[in-house]
Amino acid sequence: MEQYAINGGNPLVGEVEIGGAKNAALPILAASLMTDETVLVENMPDVRDTNILLKAMAGIGAHVERLDRHSVRINASLIHDLTVEGDSVKKIRASYYFLGALLGKYKKATVVLPGGCDIGCRAIDQHIKGFKALGATVSIAHGMITAEAPKLVGSHIYLDVVSVGATINIMMAAVLADGRTTIENAAKEPHVVDLANFLNSMGANIKGAGTDVIRIRGVERLHRTEYAIIPDQIEAGTFMFAAAATRGDITVKNVIPKHLESISAKLTEIGCEVRESDDAVRVVASKPLGHTHVKTLPYPGFPTDMQPQIAVTLGLSKGTSIVTESIFENRFRYVDELIRMGASIKVEGTTAIIEGVSRYTGASINAPDLRAGAALVIAALAAEGISVVDDIRYIERGYEDFHLKLQKLGAQIDKVESERELQKFKLKIS
Ligand code: EPZ
């Protein structure tokens, strides 16, 4: 099994190129099935989740041609199957985007019920409510969910919770429905806007994405497009906190600084210097860092996908910090691992009370999920001595070349596959 071997304690310094956003790429790839014409998607991250999705698309008959690592040409005119199943697709949350996309285009879809990171209850009632409002019947049997409709008709849908997935799924189903759809209390995340821009570039008529009311006027068909995915806000934020935790100096390049505002604000508040330019943000952590309170919220609030990374950093900052998780109830599973590295953190319900310590020490740790895994790698890079991080397949779901990008910033990190390779790493750094 692959692991990361890490020798921590050095500040990370340098520049890192941020890739395309995983959580925008996933719905955009699914939505590319909604036209019979050819779609070119660029700036696609080459990560496990996007590759699983592309394979599933090819499995139902789409022609998927990888032009290079980050560009793919898709033609879905010969789709022969409206059922998406299989073990790998079951493991990714985004498999549910096939529901909205195929229901929208073919008025029927059956998809294996989604998995994804084990970060808490991940209901899909709002997706179902939206599909039903558009006229579909939805049934669940044998682990599969089916949505179908003789025809979809626009509707007024108020989401009871702000949900990225439900907003995206309803948007996809509604673009080819008859008439107008309004989604109220919609999610405003940059990837919701990116999908709307992608669909509009295919001829859809979506207005208001990025606000909490999205208005869609159904069109008859979608057409070809060429589209580049936005930069990954969470990948960028992860490197920004890596700078803070290791007391380094990192410039994240190819980003949209506006998308990083809540992250930059917290870094500034705890004492980092954050310098923005047009498409880059530099984080310098030269002074001792202080404490703060932070609560995760839907965009433009502080992202739940950055919660473990800020907690790891606050664990090394002076004073008492409070981190409240308001989106997913099971997102503190990394805390036990961090405590094994010397952190002083107490979790009470959805709140973590963090007493800053002066250092972490290296340990053998497990990545419990994607973002927590990345955060634990940051902890290991900040820690004194050697750490081994297990279950890195979670991290590879959403970070492209994570260890290679870290190496370029001066990190001593290798991917190892055996005890022998781990010994080699230890010899190399001694
Ligand atoms: C997306 O998950 C992301 N995944 C997650 O990123 C991210 O953490 C999350 O949005 C919040 O930003 C993808 O984009 C593939 P939600 P999603 O629907 O769509 C509740 C990562 O690390 N809810 O916005 O599943 C739900 O339980 C991943 O990249 C309902 O109650 O999240 C949660 O409390 C992890 N009913 C809240 O809403 C529903 O029908 C937000 O969930 C849907 C959601």
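Glycine too: its Cβ is placed from the backbone N, Cα and C atoms.
TrEMBL lists R93, I327 as UDP-N-acetyl-alpha-D-glucosamine-binding residues, and of the candidates D68, D81, D305 the one it assigns to that same site is D305. The local packing around K22 (phosphoenolpyruvate binding site), expressed as other Cβ atoms within 10 Å of its Cβ over all shown chains, amounts to 25. Residues belonging to the domain 'Enolpyruvate transferase' (7-406) score a mean pLDDT of 96 in the model. Cβ contacts within 10 Å of N23 (phosphoenolpyruvate binding site), excluding its own Cβ and spanning all protein chains shown: 27.
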